Ligand code: IDP
């Protein structure tokens with residue numbers, strides 16, 4: 001089984017609601033290993049690059065405004081199929097549709113404030129880790 005790395009963000013709603021420990025704890029209890037972790041407030045340019053694939057979407061401005069609105073926790077987690085494992089813990093994009101037991105299914109209601117980001121493929125993970133933690137992908 002190939003060991004992968006993935007980027008996870010506890011978005012500003014997760015930090016302000018005191019859910020960092022819950023997110024990090026679930027990743028750790030699943031068996032993923034933390035390789036980097038930092039509290040930071042994103043520059044708008046970094047947020048626009050991170051969400052670049054959504055630049056033409058009607059919600060892009062709202063998405064960027066929200067992700068720069070306060071501190072978030074960025075982390076890199078490592079393990080076998082880490083990208084898929086973290087996405088499973090996080091749950092579907094729309095928290096109302098996310099399975100109960102997943103982070104979004106348990107702790108969020110609005111798609112724009114869905115608590116956590118996780119890379120959606122190994123290729124995205126490399127690009128996102130290079131943006132947040134150069135040299136760690
Ligand atoms: P993901 O975060 O589950 O990978 P993406 O489709 O990559 O989902 O979308 C990135 C983020 O954009 C989502 O986590 C969500 O916060 C936001 N988003 C996606 N679709 C909508 C929408 O229709 N309205 C508002 N925000 C959205």
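The backbone N, Cα and C atoms fix where each Cβ goes, and this holds for glycine too.
Predicted, not measured: the structure shown is a model, and the values here were computed from it.
What TrEMBL annotates here:
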{"type": "ACT_SITE", "residues": "117", "note": "active site, pros-phosphohistidine intermediate"}
{"type": "BINDING", "residues": "11, 59, 87, 93, 104, 114", "note": "ATP binding site"}
{"type": "DOMAIN", "residues": "3-137", "note": "domain 'Nucleoside diphosphate kinase-like'"}
Listed binding-site residues adjacent to ligand 1, that is, members of 11, 59, 104 whose C-beta is under 6 A away: 59
Among 93, 114, the one of these binding-site residues whose Cβ has the fewest neighbouring Cβ atoms within 10 Å: 93
Cα separation, the residue listed as 'active site, pros-phosphohistidine intermediate' to residue 104 (ATP binding site) (Å, whole number): 10
